[in-house]
Amino acid sequence: MTGKNSSLFRFVIILVLVVKIKIQLSDESEFLVDRSNTGLTHIPKELSLETTTLDVSQNYISELQTSDILSLSKLRILIISHNRIQYLDISVFRFNQELEYLDLSHNKLRTISCHPAVNFKHLDLSFNMFEALPICKEFGSMSQLKFLGLSATQLEKSRVQPIAHLNISKILLVLGETYGEKEDPESLQDFNTDSLHIVFPVKKVFHFILDMSVSTAISLELSNIKCVLDSECSYFLSALVKLQNNPRLLNLTLNNIETTWNSFINILQSVWPTTIEYFSISNVKLQDQLDLRNFNYSHTSLKALSIHQVVSDVFNFPQSNIYKIFSNMNIQNVTVSGTHMIHMLCPSQISPFLHLDFSNNLLTDMVFKDCGNLIELKTLSLQMNQLKKLANIIHMTAEMKSLQQLDVSQNSLRYEEDEKTCSWTKSLLSLNMSSNILTDSVFSCLPPKVKVLDLHNNRIMNIPKDVTHLEALQELNVAFNSLADLPGCGTFSILSVLIIDHNSISHPSADFFQSCQKMKSIQAGSNPFQCTCELRDFIQHIGQLPSEVVEGWPDAYKCDYPESYKGTPLKDFHVSPLSCNTGLLIVTIGVVVLVLAGSVTVLCRYLDLPWYLRMVCQWAQTRHRTRNVPLEELQSTLQFHAFISYSGHDSAWVKSELLPNLEKEDIRICLHERNFVPGKSIVENIINCIEKSYKSIFVLSPNFVQSEWCHYELYFAHHNLFHKAFDNLILILLEPIPQYSIPSNYHKLRTLMAQRTYLEWPMEKSKHGLFWANLRAAIRIKLMAQGKEINHTQS
């Protein structure tokens, strides 16, 4: 057995036994330590006392002592294969009462000491350097032993006696390179095992007389069979004939065979009439030519023949000789893979074949052309061959009336749109056409009753909506194609499994979930999702499905575009409904516009907004003209102590009462009728008068409220109050003004009357003196305060 195969075999055995042990001890904790291939020369000392499994294989350990594992009382599995141990005293394990699995294969063991024995379940001493079988009498007490690996260069029946009463599930026997110099043909007859695997010397021609028909064996595996001449194979053929002495033998496996074509066929012929039901051959090297011959198919119990990995040095003989032998076999299951076979003949009569596997060969789509003798065939695999035209495969199946499963994956199949042939067998239920070069046109010709369809890794860009003949389809795999959207289930009414990952789906339609109500599993990850508004419904629907329905969610579902979201899981992608709903956005904008329009209307109607805007404009223009005037020049422009604003209806009182009483105190008054400059607008004159006066006196009355120009003057004076940062307003209430009579757009007048103190003109003459005194005092106090502030500013 080669190192690769022996390692694989050991791995399988270890895995099986470890799983069994873990199942038996599932209620206890496991502590595994792997120190394999780490350059160790001895067992590490710092191991945890809780260690249950220790792997120190593929190191340089040369001896094993009690102290190495004394503290590991919980150790159950010890793998110490591929080291340099030459001697083993099993007593080193006397303190490891839990130890059940010991692998010492591939060491340099020559002798062992077996006292006292440990009750192992698995003991592997194979691939060592023992001369005789390393079976001690103490092995007879290993009542739990299920696997025993042995190696020897000499076999003696007496050495098997200590374990003859044990029912061992599997025995592996590796024969050393010098085996055969002295043989005991009956040395294996006392083995009591269900499965026996014998590994013969790699380089030796099979000239052995060993009787391998162990009476208890159900399975027999033989490795390293070499007979490169037809005359040399007589020993091995004789050994095969003796297998008929064991009626219990059902399974025969041959590994690593080097022989001739004639001897290979003779091996098949020798096994054919035995009780063997399952015959497997792998890793075969064939030489010479095959002679024309007949094959006797009678009296066989064989149910399945498997041949894997055949290499031939010679093919310059009619290969139809080979194909004829295989095509006419009267068994149900035949596998021939990895053999470079280029053709297979149609059976000459109705064949009992139920399952054929011709994968990994060189078959063309002419195989089984017009073959009407495979009417019982249910499963056919032509994976990894040289098939090119799907139309030929379709035609091939038309004669296979019972075919249910067909695998033609990993070929170069095409189907042209103008193909007229679409005569699939109606019995086909499962079809695998993955890894070909099929396009959308394949959907125009598919088996009508197919339930499972695998088309992954092709060149499909679209699944046509007019596919009307796949009502039975339950599982569809179209991964690794170029599909841009999820297919609806309108034409796949009972589709329950969809695999569509690794395509070009950027904006999957949410309608998929409406049409595919029977979906039990969907795998749509690893697509270039564009995380935009169109994806919101899909994310919402797929996020609501159970995790067992959406394969790979959420890890395999990520944004690919835009760049700012690249790599973001779809579950974390959020966008506002407003930005995605055009109708809602239009409605929202409309509402905002209506609200703004309503607000402007209210401002215009009740607060006279246009008027205020006009006043601000006028004031800003006037301020612009004077903003660069120096302070000294600005101060020189203050020509009046007070500007008086009043209604024309109140001019008699102003001229007869207000002016005389102020001007006699040398208070300079600015009046519009005598101080407005001709040629300037009224607004500009009002602003200039207010700007040139320290104070602005407003004579308030019902007439004032009705005058728009008085309102302008009040607005500019109030604005000037904030601009100059000191109080320049004096209010005189000539007549009472009811609040209801003040227009709503005169809100500044309302505010001033509510917040400021004003002088009220008394009706009694006796109080006039006090009124004038208060007014003059207010003007003088304010003038003094202003003068100080101006002086402070100049300094």
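Glycine is treated like the rest: Cβ placed from N, Cα and C.
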What residue among C422, C489 is stated in TrEMBL to be the disulfide partner of C445?
C422
To see if you understand the setup: which same-chain residues, six or more apart in sequence, place their Cβ under 8 Å from that of C422 (disulfide bond)?
I394, S444, C445
Please average pLDDT over the domain 'TIR' (638-779) for the predicted structure.
80
Other CB atoms within 10 A, centred on C445 (disulfide bond):
18
Provide the three-state DSSP residue tally for the domain 'TIR' (638-779): helix first, then strand, then coil.
79 helix, 23 strand, 40 coil
